[in-house]
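Record features, source TrEMBL:
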ACT_SITE  GLU450  active site
BINDING   HIS449, HIS454, GLU507  Zn(2+) binding site
Amino acid sequence: MVDSQYYLPNDIGISALDCREAFRLLSPQEKMYAHYLSRASWYGGLVVLLQTSPESANIFVLLQRIFRKETPEELEKVAATVGLSSEEYKAFLVYAAGLYANMGNYKSFGDTKFVPNLPKDKLEALVRASQAFQEKPVEMEALWNNSSTLIFSLEDRQKQLGLGDKGITTYFSGNCTLEDAELAQRFLDSKKLSAYNTRLFKRSDGGKVCYEVRLASAVQKDCAVDGEKETSCGTFTFEDKEFIVKRGDYCPLMEKVCFYLQQAEAYAANENQQKMLEQYRHSFNFGSVESHKEGSRFWIKDKGPIVESYIGFIESYRDPFGSRGEFEGFVAVVNKAMSERFTKLVSSAEVLLSELPWPQEFEKDTFLKPDFTSLDVLTFAGSGIPAGINIPNYDDIRQSEGFKNVSLGNVLAVAYATQKEKLTFLKEEDKDLFIKWKGPSFEVQVGLHELLGHGSGKLFVQDHKGKLNFNKDKVINPETGELVSSWYQGSETWDSKFSTIASSYEECRAECVGLYLCLNKEVLRIFGLEGQDAEDVVYINWLSMVRAGLLGLEFYTPESKNWRQAHMQARFVILRVLLEAGEGLVGLKEVVGHDGKPDAQITLDRTKIHTVGKHAIQRFLCKLQVFKSTADVEGGRALYDGYSSVGDSGANNFLRLRETVLLRKEARKMFVQANTKVNGDHVELVEYESSAAGLIRSFTERFQEDADQLEADLLELSKKDTPCWYKSDETS
């Protein structure tokens, strides 16, 4: 029997993202704009297959070929004839849907591998009996042989994503270590190159080590082309090692992204959108993060668009080193009614920022009022869909030019709905209240987390010319009582400096801001909450965070002592902080469930949230900000790693509690997204049912027009790098 954490259950929740009404209200021009941006996003999203695991692209092509020839309903009859039970066939559909939804065979939330929950010989029989196999047996045999072992393999290193012996990654060749990643970061910093759109390959030539830094681009030539003044490419010596910077990673996919962005340009609503798309195209064409930053500047200036979007190598959660971005692209429609609340929150932001528990010098010099809108997602291509986003992630732009916040309304509407019988670890009397207020409380938390969490705090920086953005002779570190003695220098960024803990640490800081500011009555009023309702929302928001901290243990790997999910690590850290506060604020005890199996129960004393709870978060939040502002990696790591540790001693045996959490875990929902199709001079929305079959159909129809060429490109891209992923004499 396969451990249940390595397969997706047959009863996994699958929900359609409803955007019919939002799309209907768009003008014909806006629909065209949304359509072409969606196409760019979907093709770019396929990059994630190549960023996830060596086998993901092959499995994707195998599934596409099977389902392009036979619908899930037609294939079910074939499955019955070769001896699959209905449960086994459903397990195959769930696996296929999971691969599409996660853009790979590792969970986007938690980074663990998932395998089909049926015997390998049964799946092989189904593949061989499929129409696709009957029509092209040689190709399908090769595809099956290339991927079947890795589809089912659960060797220790393959169970999760990670660097070196800790797991699988395709951001680095298989022979790279943490030391190699650190060396490459120093090299990139020295060249003022961002790691966001790169991968690192280490090669050995006659005993001499050479590193290849590969930039994602449509252009494959390394010399300056098409009017480029200069190129970052070339061969360099750094710390006695050879570095080669090359272009052309994911080339055919980048070409498609550029093609569709150019189509979208013709339907842009204004000059900012046109210039933004122009810069994005330049970025993906030539592999230039600087152009993407320029595009992001125009994007920030594009205030209150009807169709909102963002695309590129954005979030660094899944790079084991924490500085390479996973590709994502989204297209969404503004929900004006829902956005009003967020606009009011933005108007109150400067007053609320002054309430945060750090000295004024540690806050940005001016708060650049961002757009904050509630969006209904039409397209979200990548490995998963968040509930809220605060972008761009470029520190220099965020600090001096601004950012945007979005809350994804139609995701929130379905992602966090839950049934009472599936609500674990709460007292019975808390469950009805939790179900009633979970949605509204999460909306408040997302708003505060994105706008005033990620949007707050200053980084102390000394630029290349030696200029400081703070007065080092006056600014006092509140933790030491002495003058600030450290800061970011040159091209150092938050991600490059705090690397492996940066993502989770920042999520923790933003979550703490949400907990802290939701205690403010004015904030709750903005969201239409007063009196008892407001108090209930505060209680459920804090209770939800404490419960999430316990649930977070699912995403910890004891063998490697590694956390696999940034947000869940952050929530566990907050649970530890609140338990440490004592005075009966939070209770966590192990009990026996109604089924006779181990269980746990969480309690939160709502009368102590505004006192004991607030004080604990206040102290912790100030420390987080001070270490971040002053680039104090040592202090920040000691603090964060301390609270992140999972042991079996002390008041709570967290290793044993982890087993209980795994026993009672609920699989994360998957989303079915619509397609858009140009019919004459108008755009149609094509919707699918909320099921594994609906999710599969959405993907087979998504890439119909050039399926053969696209699949050939993916297989070629995958094959080219196959020797790089495994440790062997020629690559070590």
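Cβ atoms are placed via backbone N, Cα and C, with glycine included.
Quick caveat, the model's predicted, so the values are computed rather than measured.
Structural mapping of features recorded in TrEMBL.
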residue : record              : CB count, 10 Å
HIS449  : Zn(2+) binding site : 28
GLU450  : active site         : 28
HIS454  : Zn(2+) binding site : 21
GLU507  : Zn(2+) binding site : 22
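Other residues of the same chain near the Zn(2+) site, with their Cβ within 8 Å of the Cβ centroid of HIS449, HIS454, GLU507, are ASN390, GLU450, GLY453, GLU506, ARG509, ALA510, GLU511, VAL513, GLY514.
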